[in-house]
Amino acid sequence: MPSSSDAINRISYISLVTSDNDKFNQTFQFYSQLGFRLTKSFSKVSSYGSGLGANHPEFQLGVSHDSLKEVWLESYPLQNVDSNGNLRPWQEMEVYDGDNCERLNESTVIKVRLLGETPLKSISQKQFVFFTTQLNKIEKILTDANVKYGKVVDNVILAEDPLNNIISFSNTQNELCKTRFQSPEEYVEKTTAEILAKRKKSQLGSKFGSFEEISPSEVGGGNGLRKKKIGVMTSGGDAPGMNPAVRAVVRAGIYYGCDVYAVYEGYEGLVKGGDLLKKMEWSDVRSYMSLGGTSIGTARCKEFRERAGRLQGAYNMIKNGIDALVVCGGDGSLTGADLFRSEWPSLVKELVDTGKLTKEEVSPYEHLTIVGLVGSIDNDMSGTDVTIGAFSALERITEMVDYIGATAASHSRAFVVEVMGRHCGWLALLSGLATGADFVFIPERPPKAGLWKEQLKEVCLRHREYGRRKTTVIVAEGAIDDELNPITSEEVKQVLADLGLDTRNTILGHVQRGGTAVAFDRRLATLQGVEAVKAVLEMTPDTPSPMIGILKHKIVRIPLVDAVKQTKAVAEAISNKDFDKAMSLRDNSFYDDYRYFRDISIYDDGSKQLSEDKRLNIAIVHVGAASAGLNAATRAVALYSLSRGHKLYAVQDGFAGLVKGDLKNLTWMDVEGWHSLGGSEIGTNRSLPSQNIGKVAYNLQKFNIQGLLIVGGFEAFTSLHELSEQKANYPIFEIPMVVVPATVSNNVPGTEYSLGADTCLNQLVSYCDAVQQSASSTRRRVFVVEVQGGHSGYVASYCGLITGALATYTPESNINLRELQGDIDLLQKVFATDRGEDHNGTLIVRNEQASAVYSTQLIADILKENANKRFETRTAIPGHVQQGFTPSANDRVMAVKFSLKAMEFIETRNGCYGKHDRKFSDEEISEHSQVVIGIHGDVVKFTCIKHLYDNEANVALRKGKTVHWTDMIDVANILNGKSLLKKQERY
């Protein structure tokens, strides 16, 4: 007899080999009698001598290449039977909870093979151990087959198969199990009960729907510390981006080991309590990213303004164990939250004194933590460059004015558009820049009382004389003159009507709040929501309540009281007629935006023209792939040039056109309406100066070009480097040249932002939302979405964050099998308990150059192969749709800023400014004439092309060396569950 170490227990698969045809048939017959069922039969040579199996490859799947014959025998798992004795389907059994759930027991497959030559003989005899619940039936089968057998103990039968393998049968599952089963029914009943009990225990302590099974909350709670409970609420007017903020707070809170409660209906939910305070699970916020408004509701609550209301709010928070509050709202909501915190100790004391709560109940809640998120479409909060929802509202306004512009041009009408903003003119000013408005009225820079009507008439009439068929005037709802008299849209309408214009008045109203958040707001809200949770966990009772803001493109914490105080100071400055102070209290770029609007819309009357000797000939050329913002930048440069007296030449069809000498002098009407046009009206391609550098120099000299703007992506960057390197041979290349980055890939060294990237991301938001809706509607579907970006992972990382993708593959991350396996594990957990009711559709985002091996289709196939039928996969490739049709509002505004800043650089290098009028310091312009304009934080700066090319450019991969979007990758991994899965593996 073999030793116990030679025994093979709990067999799932075994291959038995012989070269004797009789023994092959005997072995097949032996195991068939024991209850194994034939599932596959293969023979290379049939009984008639024809090679049936050999001629049909589909019959050979899984068959060993050296087998003449094979039979596959399988013992199926034990299952329940119905009243007629028929097996019930596995999916109808009580223990079934998805195809990957634990089974009652595993099946066994025996492959019997016939070889043409004698196989190697085994050194030792092997023993196979089979589990059975019917030993008496096994004895009868062996007896009827005249097979000798014996018993070692009363519950183990030993026998030999025709190939002399020792097989044993036992009615215990393994050596550690003491239970001896006497019937299939007994085993099924007991095992079913054990599986259900184990599952119930697992679901009580951990359930992936809430991500508690991989949450590190046990780590924080296991050391005797009370688990932090955070409330999140939205208050005041709704704003796009509030839902992504709530999603971020909920999931980041769970990730950091906290319980998170949604306070429904704003402060009203805090006062009323009950069902309006709901503990949130991971899956509760699954679809929040693509929803506009706020799904947890908002309301203006009069009760909370009174101490009695705040007292009741404190009571409800303590009863639910909540001692931290993240409030997303405007300045009024955040002021109320900070007042609540300052009163908290006295409110707690009053609750004890009145007997509503005991000292023991309130002792863990002596201090309240408040963190503010600014959700406001007005962008009127000081201390932050932009508020959640502002860019979404700007996008809505821009879209509506574009629509209005179409009908206005058709009928040659004038439209007065009133936008929201209260005491803040940000929406009015930037929408004026983005839509090419003739005039804007904002409270921070009011016109002269008694004179503004004539000024308005003069500007609008002049533009009509230039050939414009429509007139657009944007009025902020808080617009005033310098004597604080309100300027209403009706008044403005009457002024235009007096000019004889067919005028209409449009108040956009709450349409500005509507719709889903744009890409920028989704990112802003998500990053700020995660930062809010970190602030809650890091604050002490002495820490002032912070407001989470964004300064220089970095998420920061600002004392809430200071921000509110400074915000109110703007209104006070306006009421005191100190308009310069009001302008200075706005974000850093507000004054520049106002200055640029005047340059291209008001000062085209010739009042700011330079003297004849300082007027320049400037050329602009588009290089590389089309990108949103090219035309908007060209329009801004053309209008600025006309207002300053310069000549602007548009190079047709890139550097190929410059080689031909195909340049056109642009007029005012040539660029009319270009602010809203995508693509390139003057033509663009990937041709470089090096194709005929001599001709490029000749035509620049021929047209006496004194400054060159190169608008485009990495080809524009390369073009400037080629021109700069040839300065010694062609002195004309000493003229100031500026690259204005414009590419969806955002891969130009020297800048963190390129024109067209925002439009691309907004396109991807719409595309991925639609794809995700399809995935959710069809249930259990995973889409692998391929996005552009070249070898830069910026677009993919941004897209993955703002669409809630489960995984993002970029060139920087290096896809490998280990990472794919981790994502497969995460997907399997996501779908493990899903029965189709959760609308559980999932996205994976892949950059087009993420891997030369793991293509989009291959990743989808690998996921599908490992899905075990729990989900299916599809691919989605938006392709050139990502370039967009109409530029986003943000791209239009940035096109004006970039291009006019570049023009000021060219003017400065050509000595157009006097000593006191210069726009740049000596350090900024230095000795370099060939530069790239870029954004670093919120600072626009110029960097020498030689420095960038030599030190910061990866020329081979056509991108910069700096990865400035790592924060998006880290936050995305927290919110998609990947970081949680890794923590589970560690703990």
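Placed from the backbone N, Cα and C atoms, the Cβ positions cover glycine too.
Checking the candidates GLY237, GLY241, GLY389 against Swiss-Prot: the one annotated together with ARG300, CYS301, GLY330, ASP331, GLY332, SER333 at the ATP site is GLY237. For the beta-D-fructose 6-phosphate 1 site that Swiss-Prot gives as SER376, ILE377, ASP378, MET420, GLY421, ARG422, HIS510, VAL511, GLN512, ARG513, the extra residue drawn from GLU343, GLU458, GLU465, GLU477 is GLU477. Same-chain residues at least 6 positions away in sequence with a Cβ under 8 Å from that of GLY421 (beta-D-fructose 6-phosphate 1 binding site) are, in sequence order, ASP378, ASN379, ASP380, LEU427, ALA428, ILE442, ALA476, GLU477, GLY478. Residue environment of ARG781 (beta-D-fructose 2,6-bisphosphate 2 binding site) contains 18 other Cβ atoms, counted within 10 Å of its Cβ in all protein chains. For GLY790 (beta-D-fructose 2,6-bisphosphate 1 binding site), the spatially nearest entry among the binding-site residues ARG504, VAL511, ARG513, ARG781 is ARG781, judged by CA separation.
SER376 (beta-D-fructose 6-phosphate 1 binding site) counts 29 other C-beta atoms within 10 Å of its own C-beta, drawing on all protein chains shown. Within the set of binding-site residues SER376, ARG413, ARG504, ARG513, ARG874, the entry lying nearest in space to ARG686 (beta-D-fructose 2,6-bisphosphate 1 binding site) is ARG874 (CA atoms).
The DSSP secondary structure for ARG504 (beta-D-fructose 6-phosphate 2 binding site) is strand. Ranking the binding-site residues HIS880, GLN882, ARG958 by Cα distance from ARG513 (beta-D-fructose 6-phosphate 1 binding site) puts GLN882 first. Reported as a whole number, the C-alpha separation between ARG874 (beta-D-fructose 2,6-bisphosphate 2 binding site) and GLN788 (beta-D-fructose 2,6-bisphosphate 1 binding site) equals 18 Å. ARG504 (beta-D-fructose 6-phosphate 2 binding site) sits 28 Å from SER376 (beta-D-fructose 6-phosphate 1 binding site), taking the Cα positions as reference. With all protein chains in the displayed structure included, the most crowded Cβ environment within 10 Å among the binding-site residues ASN746, GLN788 is that of ASN746. ARG874 (beta-D-fructose 2,6-bisphosphate 2 binding site): 15 other CB atoms within 10 A of its CB, across all protein chains.
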